[in-house]
Amino acid sequence: MAADSPELRRVEDFRKAAERTLPGPAWWYYSLGDGDNQTLRDNCESFKRYRVLPRVLRDVSTIDTTVSVLGSMLDFPVAISPTAHHKMAHPDGEKATARAAAAANTGMVLGLFANHSLEEVAEAAPQGTRWFNFVLFKDPERNRQLLERAARAGYKAIFLTVDQPRFEYLNQPKLTHKEKAKSQLFHGTGDCATLDALHVVSGTVIDIDIQILYFSTPNIMFPGTPPYGTVEYRSHLYSALKQPMTWDDVDWVKNNTSLPVVLKGILTAEDAKEAVRHGADAILVSNHGGRQLDGVPATIDVLPDIVGAVGGEAEVYLDGGVRTGTDVLKALALGARCVFIGRPAIWGLACNGENGLLQLLNVLKEELVYTMARTGCAEIGDINSTLVLHESYYSSRRGNISTVNNHY
């Protein structure tokens, strides 16, 4: 589908177009969560349970959406979360993602399991704001090499994933015969491997008998690594990753890079306070898009507690469930400095690569401007907690009124 298509007016339109465009295994890889997908659904549904309160008669003749994130000035507070294997959505992969983010003047977190190297992505968008997502290997030298490469290539922060104590998954949904047949339409260049290998660190395991044309991950290929796509490679990867990580590892990363360190995957006030004690520069409130543990809270619901626990000592961001510009305003009103999108970025890529993703980002920005105008906010700093109420506020008031009336 061509970029700037009039059919793509909302993020939901991009989702539907991506589902039609992507091969079955690629679609399910990006789409599924853990278990029964309760958390995956709740991330989106919970946003709908917050109500926006419009403010009137304010001068909103101009709207300024710029925001500072980790010292970088972005045109608007929507950045791109780390996700793996962007080449499954578009042949240009993470290079297209980086170019789109740079064109929108927003930030992108490059996933460790990207299909392009740190250096290739940096060269594709040299002026862009890039951050690097990181998980630890057992070998400290490998970790140092990656941290040093990120700094040399101009990445401005390290996003350390902290919510994967073990790289194993219980849920194994099966694709239908129709979906298996659709997988045969997936063409590209690279090694052939099972989706089981693809899900080592990224999420839900899909039928390991399905073969797809799959792409290498150069940022984790070190001397002595078995050939990519083999059973030996998968076994090597499992054994090479550090399982589990601890707070001592956060200290190690802080001591081995001069870049700011963001902890991705915090869901409780207690862990947020611990993150600050260990020197985290920022926290990304995230439940891994519902791919790690089903039944955990939606990120928007835990956000206020985490913001309160941090007490301004670190920046706080959110990902999970952001689908509209109104969602962006709700998250900012509850204390997030910036939101990050994962699956929507993939949907944009699937709709004509760089141009499709840029169009999706522009949709979110335009929706945010629209919502800010109607809530009386001329700039991001005007957005605050008085603009949002949870729906339970209204239901509890109705209950109290009913009780009073029954009394009389």
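Here the Cβ of each residue, glycine as well, is placed from N, Cα and C on the backbone.
Around His288 (active site, proton acceptor), taking its Cβ as the centre, 25 other Cβ atoms fall within 10 Å, counting all chains. Marked as active site, proton acceptor by TrEMBL: His288.
The glyoxylate binding site annotation in TrEMBL covers Tyr29, His288, Arg291.
Among the features that TrEMBL reports, FMN binding site is placed at Pro82, Thr83, Ala84, Thr161, Lys264, Ser286, Asp319, Gly320, Gly321, Val322, Arg323, Gly342, Arg343.
On the 0 to 100 pLDDT scale, the domain 'FMN hydroxy acid dehydrogenase' (3-393) averages 88 in the predicted structure. Residues or ranges marked as domain 'FMN hydroxy acid dehydrogenase' by TrEMBL: 3-393.
Each of the binding-site residues Pro82, Ala84 was ranked by the number of other C-beta atoms within 10 Å, and first place falls to Pro82. Among the residues the record lists as binding glyoxylate, namely Tyr29, His288, Arg291, the two farthest apart have Cα atoms separated by 14 Å. Under a cutoff of 8 A between CB atoms, and with a sequence separation of 6+ in the same chain, the neighbours of Gly321 (FMN binding site) are Asp42, Asn43, Cys44, Glu45, Ser46, Phe47, Ala298, Thr299, Ile300, Asp327. The record assigns Pro82, Thr83, Ala84, Thr161, Lys264, Ser286, Asp319, Gly320, Gly321, Val322, Arg323, Gly342, Arg343 to the FMN site; their largest pairwise CA distance measures 23 Å. Its own atom aside, the Cβ of Arg291 (glyoxylate binding site) has 23 Cβ atoms within 10 angstroms in the protein chains shown.
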